[in-house]
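What TrEMBL annotates here:
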type	residues	note
ACT_SITE	Ser149	active site, charge relay system
ACT_SITE	Asp226	active site, charge relay system
ACT_SITE	His261	active site, charge relay system
Amino acid sequence: MALKQVSSNKCFEGFQKVFEHDSAELKCKMKFGIYLPPKAETGKCPVLYWLSGLTCTEQNFITKAGFQQAAAEHGIIVVAPDTSPRGCNIEGEEESWDFGTGAGFYVDATEDPWKTNYRMYSYIKDELPKLINANFPTDPERMSIFGHSMGGHGALILALKNPGKYKSVSAFAPICNPIQCQWGKKALGGYLGPDTSRWEAYDATQLVKAYTGPRLDILIDQGKDDQFLSAGQLLPDNFIAACTEQKIPVVFRLQQAGYDHSYFFIATFIKDHIKHHAKYLSA
């Protein structure tokens, strides 16, 4: 599968690049950012996948999070894909910020007209890692995942639905219980149809109740003044309760007053997350 380099910038002795490719899964052109640490010039490196939130592209994380220095120090390749298919000419895909373009929710849609293109779950789980492993100096056995908001939801469900695939998982302000919040009800109802029992397959709080895979240490950072926390969109307490019941280790850090849902919050704690993953990705 041909990759077209869109940009390349030297950064902390490595390179922050952006590539474009034709996605077989999504049937459109997709972009992803990839940071190649200096270690990638001489050997294979583990890979950490970042999933962004609503309205984001591959650019938000690579330009705002400030993760590159920590990734360079730990020798980790970091991949940041887009959040949805683009330019599919589906009626209604541009109508709202929390559904359609920029809001793929990391599910495989089953409803018309979304099911042909909106297959972000399979894209992140299968197509993208195959592409990355075929074109970059990766160690396919060492892979982890993290994300923010809608992407935090994506990271959690991918780790929980695929036991052993990812060495570790973390999230910033994730949507923890989408079947119970307005964002989730809108997205899951639109992509998966009205049968709410089908939504549970993409809900981290439901998935953790049935998780029987290898030990998974979960790190979550949440800002105390996150407007979406107070609006009931994130519901971390439900996820923590389910983890506690299942004896699944989760470190939940409610960061002090003032921290919100923005990339300023992410940039403040990103080094902790890279370090968390480095523990599990080290050879």
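Cβ atoms here come from the backbone N, Cα and C positions, even for glycine.
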Cα separation, Asp226 (active site, charge relay system) to His261 (active site, charge relay system) (Å, whole number): 5
Neighbour tally for Ser149 (active site, charge relay system), based on other Cβ positions within 10 Å of its Cβ: 25
Cβ packing number for Asp226 (active site, charge relay system), 10 Å threshold: 22
Nearest-integer angstrom distance between the alpha carbons (Cα) of Ser149 (active site, charge relay system) and Asp226 (active site, charge relay system): 11
